[in-house]
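Taken from Swiss-Prot as is:
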- Asn15, Gln49, Asn66, Gly76, Asn77, Asn155, Asn187, Glu204, Arg205, Gly214, Ser215: substrate binding site (BINDING)
- Cys75: active site, proton donor (ACT_SITE)
- Cys213: active site, proton acceptor (ACT_SITE)
Amino acid sequence: MISKINFVKMHGLGNDFVIVNKRDLSSSYDLSQLAKNMAERHTGIGCDQFILYEEHNDFYEMIIYNIDGSSAKLCGNATRCLAKLIYLDTGKQDITVMVGNKKLLCNVNDENNISVNVGSVSFNEAWMPSRDKVWEFAERYMIDLKETICVDIGNPHVVIFSKLEPQDQKIVGERLQAKELFADGVNVNFAEVKDNKIYLSVWERGVGLTLACGSGACGSFAAGLKHGFIHSPSTIVFKHGNLTMKEENGNIIMQGAATLVARGEYYCEQ
């Protein structure tokens, strides 16, 4: 039997999403498999991540799937996209999004200016691998550990301020997913600082290299502040646009654009 699923395609600075309202899905769907199928760029719609959302009394619940069908704990760009979608559909400008237990406070100033307060970050190193393993890995790829930091923004990130060539970023991003280093994988941020701006590329676990990463921007901004490399406010620069970042009372606030690409119907065999 073929069923029809309404979807929205959006992107945040090139980081693209297929977004589906959970009310449009029956309980019979294998959501992990559906995410993989719709994310496939040749036989599906194509995206970096598949987003489900559901409206509750005073917040919207967001569930994130990677292209490999695994779940993600946070996505800043998807949050901005969802906030814009809700604004377009309802006119609401102040929107609360819940991802698991994390509350994200969103404000849509206008269609191209959406801010997200992602809250505080943690530099607790309990989830890091042993220092011996890290040193061995760092020496192999000439990474300066004094310029490397782990940060949890709701999902785990490693931020590397040592300059690496694009081909080396791919290798390092892939190999840091090794179970003996990070049991559940890790998002890897390659950051270069110039004039209080961070030029950033990100290897997202479960996805690979992406054109932009909102949670990576937040984690890298927080890491840059901790190292003293930048001050607040600052700018995160991606290939297809920038995010403005600031810190207020220990909270990280991200601001930038989100783009509506298409609305459509996906036909799914069950």
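The first residue you see is number 1, and the count goes up from there.
The backbone N, Cα and C atoms fix where each Cβ goes, glycine too.
Structural mapping of features recorded in Swiss-Prot.
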residue: Asn15; record: substrate binding site; Cβ contacts under 8 Å, 6 or more apart: Asp48, Gln49, Asn77, Ala78, Thr210, Leu211, Ala212, Cys213, Gly214
residue: Asn66; record: substrate binding site; Cβ contacts under 8 Å, 6 or more apart: Ala35, Gln49, Phe50, Ala72, Glu204, Arg205, Gly206, Val207
residue: Cys75; record: active site, proton donor; Cβ contacts under 8 Å, 6 or more apart: Phe17, Gln49, Ile51, Ile64, Val99, Cys213, Gly214, Ser215
residue: Asn187; record: substrate binding site; Cβ contacts under 8 Å, 6 or more apart: Asn155, Pro156, His157, Val158, Val202, Trp203, Glu204, Arg205, Cys213, Ser215, Gly216, Gly219
For the substrate site built from Asn15, Gln49, Asn66, Gly76, Asn77, Asn155, Asn187, Glu204, Arg205, Gly214, Ser215, further residues of that chain with CB within 8 A of the site's CB center: Asp48, Ile64, Ala72, Leu74, Cys75, Ala78, Val202, Val207, Thr210, Cys213, Gly216
Any idea of the Cα spread of the substrate site, Asn15, Gln49, Asn66, Gly76, Asn77, Asn155, Asn187, Glu204, Arg205, Gly214, Ser215, as a max distance in Å? 17
Around the Cβ of Ser215 (substrate binding site), other Cβ atoms found within 10 Å total 31
Could you tally the C-beta atoms, other than its own, that fall within 10 angstroms of the C-beta of Arg205 (substrate binding site)? 21
